[in-house]
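What TrEMBL lists as ATP binding site is LYS51. Taken from TrEMBL, the feature compositional bias 'Polar residues' applies to 282-295. For 333-347, 361-370, the entry in TrEMBL reads compositional bias 'Pro residues'. Among the features that TrEMBL reports, compositional bias 'Low complexity' is placed at 378-396. Residues or ranges marked as domain 'Protein kinase' in TrEMBL: 23-283. The region 'Disordered' annotation in TrEMBL covers 271-458. According to TrEMBL, the feature transmembrane segment maps to 460-483.
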Amino acid sequence: MTSNGHERARPLRTGDPTELGEYRILGRLGRGGMGTVYLARDSAERLVAVKLIHPDLSDDEDFRRRFAREVESARRVARFSTAAVLDARLDGDPLFIVSEYVAGPNLAQAIAAEGPMQGGTLDSLAMGVAAALSAIHRAGVIHRDLKPANVLLSSVGPKVIDFGIARAMDDDGAVTRSSQLMGTPAYLAPELIEGREISPASDIFSWGCLVVFAGTGRAPFEAPTVPAVLQQIVSMAPNLEGLDPTLRDLVSHALDKDPSRRPTAQQLLNRLVGQEDPSESVIDQTVVRSWTPPSTARPAPEETEGPTTTPSDGREGATVTEDLSRQATAALPPDPAPPTTPTPPGGRPSHPRDPAWAGPPSGPQGPSPSPSHVLPTGPQGVPSGPQGVPSGPQQGFHGPYRIGAAGHGTGHPGFDVPGSPPPAPPGFGGFGPPGPGAPGTHLPPGGQDGSAKRRRGLKAAGAATAGVVVLAAAVIGGVALFGGPSIPEGTPLYSDDFYSPETGWNNGQQYVPGDDYYDDGYYEGQYALRASVDDQPTRGEFAPYEGAVPDRILVGAKTVVDSGPGYGQMGLHCFHQDEEDRTRYEALVRLDGAGAQIRRVAGDEGGASALATTDEVPGFDTAEGAGNRLTLACELDRSANTMTLNLWVNDEHVLEAVDTAPLPHGEERDVGITVQRSSGGGDDALVMFDDFFLHRIGSDEPTDGSSAAED
């Protein structure tokens, strides 16, 4: 991810560069699927953002070719409410790209912190984004991924980022990987869902969705599951309730199902400004006149002290403080991989840990409300369309709209997830978000991955559209058995109480509350995992156990929910394989205790399917801050060719499932913990894990126990 919403860059780490070409590196801004983004100064002492491309990508000649092509396309886009690409190293190593920097949050962060926009500020946002699309389309580029995370809010207006660079991640002719795997489908145009041709009109549809989100705090198409959202986009009218009436008609035309009937970006501008072909200066003046920047992008008082920077050696722990609030420049387009997600507001009350756990301190923006209606962002499943932009306007749009000429009032690598949790089978409690206002939408307010031996980590990927819609892998017999079998006895193989980072989960990373960069790590004698819709909808971590994992095992951990929507899930996984395809079994429990599920994840092709699901979780303690111990038994029977899985919560049996076509079970079998959430509203799902263990079921043969918690 690439966060530009804070005024403090993070310190450099061991191994980070201190300079790249002529750019002096000051600190870290974020990271994503393409690489790491750094705050830097150029030879003229201007602040810039430098994205260092990951070696795994830059070693691929096809990627280098696509990267060069997309950088050149981005350079053609005029600096008109967009982030300008300033420089790039396209030959040699390492590859990097340089952009201007914006001191301000993205739209998703701003809405989460301060609520929906109104009046002139909303008009200015609509106008600025339309101006950016006009410049992008004139350059022959289609944005393809317009969403709140890709609109930064500066002190002088919105700036659109990430236009085209994401395509460098795609195989030629392939579905857009960045959109297919990350985020939600809430901003997809219907023609993309149906596999039809992409065009500038697709960006216009996304513009309409974006304006609705900015003005109401929710997207115009909301539903409990991804397939339901897709169905709404294709066949249902948008929900424009609560949107400023002066914008409603124009947005309605932008959201027309027929691309030919949508306005062009230039037509949007004409209607919003109230002039035919307004000049850039007129548009800029109109935007600035009505714009009220978010609190994190407002100019600092004149007495603000000057910046201090990281020592040139880039040593860890050095503080990097830059006066970014006066930088009226643009920002580096974030990676196509996990986009920035709204920061959970700091300073909120949190669940006590047993006996007590201190909640996260206030984040950089201080305490702020987090509206439950904020819908996360990010398209998926976008077909790769033509690079060129058809000439001429979409012909179907006509309408006498004039809006706001003078403004209104102001006012680590990891496990890939081939599919979202599937919809609950009939008769079982639902996994996935409830509808607006439904019970369990919120719990009271309250990371990167890898293993020590096989540091594959757990790069989270939101469900691919196809993976969600085609979750049809055969559902194998599973039943809910209440009062069922007791937890079998076992021989300890590994345990960890998480009091020392030296035990090696994710190389000892520590969790920093309020910092979007950290979504997992050690924290006050527990291990934190945070899942967020835009950034990491599925988070997990492998236990750094280096011994052999037998055929019959018990995996367990205590969980304390810190924050998140009730439909979020926490759980355990076993038999994770990463040889040819990433497969595993998971036991998941809703954060509010209203359901549980055992499922198999059969890789990119097989998707995820429920083996057993229930809306009854006996033993689950729903009290605020309560600890709930999850235990999962995974028993492979080679002679019968079955995998039997059982889940207990606080020693009470919840589910049993039998897979009669077991997933691959080679020698390297990872076990671990996971937190997941889907595409509804609400805070990030943050869960604290404690007292993790791995046992061999029975005593088939003696094994030396391995404890990470020994004194």
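Residue positions begin at 1 at the first shown residue.
Glycine too: its Cβ is placed from the backbone N, Cα and C atoms.
Just so you know, TrEMBL annotations are computer predictions that nobody has curated.
For the residue listed as 'ATP binding site', the number of other Cβ atoms no farther than 10 Å from its own Cβ, over all displayed protein chains, is 27. For the compositional bias 'Polar residues' (282-295), the DSSP-based tally of helix, strand and coil residues reads 10 helix, 0 strand, 4 coil. Averaged over the domain 'Protein kinase' (23-283), the predicted model has a pLDDT of 83.
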